[in-house]
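Engineer: Could you have a look at this structure, given as structure tokens, before my questions?
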Amino acid sequence: MRWRLPGARTTLPASVALLLLPILVAPQQLQEHDDLPSTLSVPLSPTQRSFDHHPLPTINVKSNDASALATMALAGPGRAVRARPAQASSSSAGLAPQLHARSLQDWEVEDFVLLATVDGSIHARDRRTGAARWALEVPSSPMVESIYHRANRSSFDRAQPEDDFLWIVEPSQDGNLYIYSPGPDAGLQKLGLTVKELVEQTPYSGTDPAVTYTARKETTLYTVDARTGNILQVFSSRGPITSGHGCRKVDGFDLEAEECDTPSGTLVLGRVEYAVAIQNTETGDPICTLKYSEWTANNRDMDLQSQYFRTMDQSHIYSMHDGVVLGFDHSRMDRPRYTQRFSSPVVRVFDVARPINVESPEAATPLVLLSQPLQPPDPDYGSLDDRDARVFVDCTSAGGWFAMSEETYPLVTGRAKMAQCYEKDYLRHGQPLTSLPTSQQRDALAGVHSLNGPRVVRNTPSISGPSPLELANDTPRELMRSPSELALPPALRHSTIIRKGWDNAVDIFVTILLLFFGAFIYFNSHNIQELAKQKLDVKNIIASYAQPPLSTPSTPVVESTHFKRDSSPSRPISNLTVEVTVPEEQQEGDATPKPKRDRSAVGPDSTPRVKIREPSRGPDSDDDVEELDQAASPEKPKKKARRGRRGGKNHRRGKKPDSEGESKDQADRVVDQVNNLQPQSRLEPDLQLVRTVSNDIIEMDGVLQIGRLRVFSDVVLGHGSHGTVVYRGSFDGRDVAVKRMLVEFYDIASHEVGLLQESDDHNNVIRYFCREQAAGFLYIALELCPASLQDLIERPGDYPQLVQGGLDMPDILRQIIAGVRYLHSLKIVHRDLKPQNILVAMPRGRTGSRSLRLLISDFGLCKKLDDNQSSFRATTAHAAGTSGWRAPELLVDDDNRSAIQGGESQHTESSEPAVVDPQTNRRATRAIDIFSLGCVFYYVLTRGSHPFDKNGKFMREANIVKGNFNLDELQRLGDYAFEADDLIRSMLSLDPRKRLAPLCSSLAFRLFTDLFPRPDASAVLMHPFFWNPSDRLSFLCDVSDHFEFEPRDPPSDALLCLESVACRVMGPEMDFLRLLPKDFKDNLGKQRKYTGSKMLDLLRALRNKRNHYNDMPAHLKAHIGGLPEGYLNFWTVRFPSLLMSCHSVIVELRLTKIDRFKRYFTPVE
């Protein structure tokens, strides 16, 4: 029988490939060869069939993931395996007798772990500190050995194609195989085959290529004292072996004592040794011998291993290439708990588990080894593009080559160097790779390789093909060179470095130019800033005085000695035409103007005349317009200001005398145009704001003194949009953050300040202090915060004073939603909620609280809703917010909504009034903040991940539009995972206007559904995710009490609604009693009988045992845990959806207002 690769050739590289690769790859790739099975399949006996264990979540695990260091269970990602009882009349099939079903919940992790190293040793280390306990060095052979028999042949023998291959084994589960081959396409390749699979396919002998494979497999089992590491028993396929270790005497001074000390626990540890011999079929000469040994757990415990998807205490150990191991505790946001170094890299990690309930405490407890599951070290780790392609290769002291891939061992290549074989040519022409000494091979190959490349680039001489016009035979040789070689001086053509530099001369020149430009900007930044300030000052002065007045003004012309001031801070008027004469002195702020002097008596310049013209703004402006009517004559008093109306409706004015009718009609039209274009803006001509007075600001040693505000311009805290810079400052001795903005963005600053003044009376909204203007800038003083939420989540180590007591994630999210709820109560929609705009501050001293304060900040894009308005219009071209954090309704126009006339309201399917923009046919509500908060919540709970990063960060908005999010990382939260998933899923609802379908109308009810409406801030604050354990347990007991009084024969609609969620809560088995421990069920049945398929009985059992908790035996209470948290966890671990299912039933039945449940659905003020 021949195995061939498609399209094989008789060239040397093809021969090499035919020699080795087809044997390994063909069984997996070529399905047409049916005479040799590609895998060995053993049918399960009736007692070995598996079925689902409902409470544990399904997690997809790659088959070749070894773990953080070790591998996943051999049983794969299936759930708990329970042995089905065999028939009484027949014997059990398989290797093991019938076993009772075991649950991982009945086991606890020991305080030490076992680490297997490449040199073949087993080390017991402390789980929390990494301190050494004991080491097992039997046998002493390394895990990987590779013997190449080229060294046994004469140097005069002809080189064989197989001499150019190196076999490399990854000491993970079953031993993944790699090969390295030199040549033009040199590189590391993964065969997709393991040593175990190769052994199972032997014996095999072929003629094309003429290669024979034979193999053997030997197993040894050790029983070890878990406390001392002494080997108690040895079982081997080669026969009985004496352990060589005596037992520990009870009396250490009595050497003749016969009684031995009973070990507190025993470990069963297996070692499987594989050996594969590769020989030439024709000559019988040996080619290579591969030996691989791996440490394994007892296969009897595969039922527990198949349930072990995450460690019990969130502790993981990661291995580095140089023997260093890092111990992490993922439940805490800090750096590695400990670091230890071994003489050889650690390749397997086993957690040790002990049963909680021990029948005989005096006997030695059999402990179980569980291969530690894979856990990424960081949420962003899985997004690295080339993570799975990076492999570290090295060899043992005996010359055995081994590999450690980043896919199997996260962080292993972090500090390793790239292999030198891709940079230098270590082989002379025709020299086999295996003929080199081991030291030279290691110098060339040891290091990081990439499965996607790089490949060695050889400067192989070649003959260029003819050009469209065939070259004549007398074409000079120099003209046949490449352009880069032709331009290079002949003396430098053989220098690789110079030739590469010459080929990339343009890139190098541009890089150097940019570096010089960057250095120039850096060293002259202060001078550039000063020039920019001076230019702005000159621009303001010229704009105020140098522009000639137009013959026909576009806004009213006001003639008065002074103007009535508004209570709001004064604003600068840009692009104004001002003609000023000095009026008679009067006190600033006087509400009553003094009598004007007769113009003839005083002179033509005695009365100030101010002509104001402000450029129109776009239709998105929502500021009020204060109309200033022109005085008919100097003797007439100024008319009272009148506010404009939204929507651009014109005021109807009373008629004037005929002599003024024409001019007044023209003025009315001008005012109406201003109202339409610029609603809610104020025209407050203040002559002091037109010019910037140089002595308003005092600058000394990087400190600016502006009134009561001091700005430290050399301490920059951050940068924002519109040229905004945030400095450290002080206001009346209080440390503040000073936000500096250009005067051109005065409207934005005034808008932000107005909202801050209105909303800063809340613990979770940033506080506003003052505002100053000087030198062409506006300065806003705000509360100073040491970090933002993004800083706290992504770099907690930089803020030890904030995280010293740990982070209470639910409290952080509760404060954020409380601040947003307060803004929404004031009809303020933030529109730019993201981690950067949520600041973190220390608790205030007078409150006595130790929890951090979360503050909503950056109100530059906020919208204020008018009375009876619950939404506003936005366009996709001017959608507010930050990319990746915006709601889908801001990104997609609603084409299904009919066009509405501008300035009118409409009723949507949710019966909410909306303000319609005539330029678009779409609205947006407070729900856009809820969507952004859903992304922020996920970001906080997963420590930096984004729910829409499924295909990378650049696809966020595309995924948002499609509603394509992924919440799998929430499973790490444990008890709160289900509630967090439900809350965030509803907040990320694609369409906020959808309404929930009737809960009990469908038998196939799914708790996770996209029909949930996006909740408001109050509903988010009342979600069960924010309930404490006491409230959660009380709620479940109240649900049980309420439904006890429902009619049962026939059952009421409410009771049917409750029972409709039983399948979701209990799983397909529909029997909650099967998931409870035997001792608990025995104690439960003493009071009354329960039907396992009834939700009512499940809630009754939970309530009754809570009420009779003190009547339970001590050992049962220790197993369950204390009230309320331990007892609640006992139930929610087995029934994760119980709380949310009952919550949904109460909401659907509209029972939230009755006295029993009212307190759960009332937000705390």
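All residue numbers here begin at 1 and follow the chain in the order shown.
Glycine is no exception: its Cβ is also placed from the backbone N, Cα and C atoms.
So Swiss-Prot has the following annotated:
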type     : residues                                                   : note
ACT_SITE : D832                                                       : active site, proton acceptor
BINDING  : L717, G718, H719, G720, S721, H722, G723, T724, V725, K739 : ATP binding site
COMPBIAS : 591-600                                                    : compositional bias 'Basic and acidic residues'
COMPBIAS : 611-620                                                    : compositional bias 'Basic and acidic residues'
COMPBIAS : 656-668                                                    : compositional bias 'Basic and acidic residues'
DOMAIN   : 711-1026                                                   : domain 'Protein kinase'
DOMAIN   : 1029-1163                                                  : domain 'KEN'
CARBOHYD : N152                                                       : N-linked glycosylation site
REGION   : 547-668                                                    : region 'Disordered'
REGION   : 899-919                                                    : region 'Disordered'
SIGNAL   : 1-27                                                       : signal peptide
TRANSMEM : 505-525                                                    : transmembrane segment
Engineer: Over the span of the domain 'KEN' (1029-1163), count residues by DSSP class, listing helix, strand and coil in order.
Structural biologist: 89 helix, 2 strand, 44 coil
Engineer: Long-range same-chain neighbours of V725 (ATP binding site), Cβ under 8 Å, sequence gap at least 6?
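Structural biologist: Listed in sequence order: V716, G718, H719, K739, R740.
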Engineer: Roughly how many Å separate the Cα of G723 (ATP binding site) from that of the residue listed as 'active site, proton acceptor', to the nearest whole number?
Structural biologist: 18
Engineer: Could you say which of the recorded positions L717, S721, G723, D832 has its Cβ with the most other Cβ atoms inside 10 Å?
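Structural biologist: Selected residue: D832.
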Engineer: Based on DSSP, name the secondary structure state of V725 (ATP binding site): helix, strand or coil.
Structural biologist: strand
Engineer: Within 10 angstroms of the C-beta of H719 (ATP binding site), what count of other C-beta atoms is obtained when all protein chains are considered?
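Structural biologist: By my count, 9.
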Engineer: List the Cα distance (Å, whole number) between L717 (ATP binding site) and the residue listed as 'active site, proton acceptor'.
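Structural biologist: If we compare the Cα positions of L717 (ATP binding site) and the residue listed as 'active site, proton acceptor', the gap is 20 Å.
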Engineer: Distance check, please: Cα of D832 (active site, proton acceptor) against Cα of S721 (ATP binding site), rounded to an integer number of angstrom.
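Structural biologist: With the alpha carbons as reference points, the distance is 12 Å.
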